[in-house]
Amino acid sequence: MQASRHSIQAEPGWYVSAQQPEEAVAADEWSPLLSNEPHRQGSSGASFGLSVFNVMNAIMGSGILGLAYVMANTGILGFSFLLLFVALLASYSVHLLLAMCIHTAVTSYEDLGLFAFGLPGKVVVAGTIIIQNIGAMSSYLLIIKTELPAAISEFLPSDHSGSWYLDGQMLLIIICVGIVFPLSLLPKIGFLGYTSSLSFFFMVFFALVVVIKKWAVPCPVTLDCINEVFQISNATDDCKPKLFHFSKESVYAIPTMAFSFLCHTSVLPIYCELQSPSKKRMQNVTNTAIALSFLVYFVSALFGYLTFYDKVESELLQGYSKYLPHDVIVMAVKLCILFAVLLTAPLIHFPARKALMMILFSNYPFSWIRHSLTTAALNAIIVVLAIYVPDIRNVFGVVGASTSTCLIFVFPGLFYLKLSREDFLSWKKLGALFLLLTGAVVGSFSLVLIIFDWVNK
């Protein structure tokens, strides 16, 4: 059985039919990506828990702030179905990626593209990863730029307008130089496991505060509700939750959710540093991370929507800034969510830098100078984008509709159909085809509608 497994890894294709089905499944579940991984025999490598935190940190970023707005434009049941649907598809696409990596003996998303379609496939995948992750990091830093000055000013006893520490652009540059850049310079993604755990607990605290503050804002929502606490919501038409709803704004639903569940570019680097790595163990890491992220997403979106209903902002924190500007708990949770978003940026930076260096310097040995210069260049790009992109929804919609849907749905399905030698009517190939078609339809349709909406405005 061991020899059979290595023969599969050595071939430039899939030869699953050479094994009995039950033997192939057993090999898939416990096969490592590489037959020679020294760290598997020792105690080095990231633990299961830290790996879960890293995957959750890759999943949970600024997307959590836009989901209440999505629920307001799709309804509670509509949102629940769509969120569950995208989460299941995200988990299944990771399953396909891990299966392909086992049978092709490659360790990166870009190399899967190379294995399937040659050099053009590698370049397309790497370019998609770079664009998507730059868009994600820009949206994270955009939140820092817009929200951090207001969060700081709320703790100040008097007016300090004009001060450098209330200048969003200045704070953004300082944070990128002092925090994001040093963390991004770390050579291994596993080093960020502890900062990822801190980021996740900040997100959980945010969700709990959203639940508690549902009763702090009376309904109907008016500016007179400032400083009111624990008011009972009135049963008016404005305060009745919608189970299903569709409007022009609903077009942002799927792209925003796809953006919120994207962890695929970080899964393989995290897998390579996992203790006792196997396909089954990494799938369990991913499923645990997606399930916990789904829970936090749903709770924060539901109670955020039930707080503001149709008046919910596209960025949830803006609503609390407007109606509860001096609430101490809200002031604290703003800083927590900002730090959580900030700590996500370095994790997303790793796949972007790796993709860029695989395109430009794939034949060169590792160099700290090249590593540092590439990191600095990427940080400079995302700072510029964060300064000049005015609306976070633009980032969510366009990036989610184009690159995120490719990385979650299109590429895993397409590569599996290309590389697998299973019968076309097998369940996995049909699932891969469904994944591919879903991504192509959803991504194209959403992108067209978003552009059409912009033109009308």
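Using the three backbone atoms N, Cα and C, a Cβ is placed for every residue, glycine included.
It should be emphasised that the depicted structure is a prediction, and the values quoted were computed from it without experimental measurement.
Checked against Swiss-Prot, the residues SER7, SER35, SER163, SER367 yield a single entry marked phosphoserine: SER7.
Looking at CYS176, CYS239, the record from Swiss-Prot puts CYS219 in a disulfide bond with CYS239. Fewest Cβ neighbours within 10 Å among the disulfide-bonded residues CYS219, CYS239: this applies to CYS239. Highest Cβ contact count with the transmembrane segment (70-90) among the listed stretches 171-191, 192-212, 289-309, 328-348, 372-392 falls to 289-309 (criterion: pairs under 8 Å).
Across 48-68, 171-191, 289-309, 372-392, stretch 48-68 shows the highest tally of CB pairs under 8 A with the transmembrane segment (328-348). Here the transmembrane segment (171-191) has Cβ contacts under 8 Å with residues 45-46, 50-51, 54, 141, 144-145, 148-149, 152, 165, 266, 269-270, 273, 342-343, 345-347, 349-350, 353, 371-372, 375-376, 378-379, 382-383, 386-387 of the same chain, all six or more residues outside its ends.
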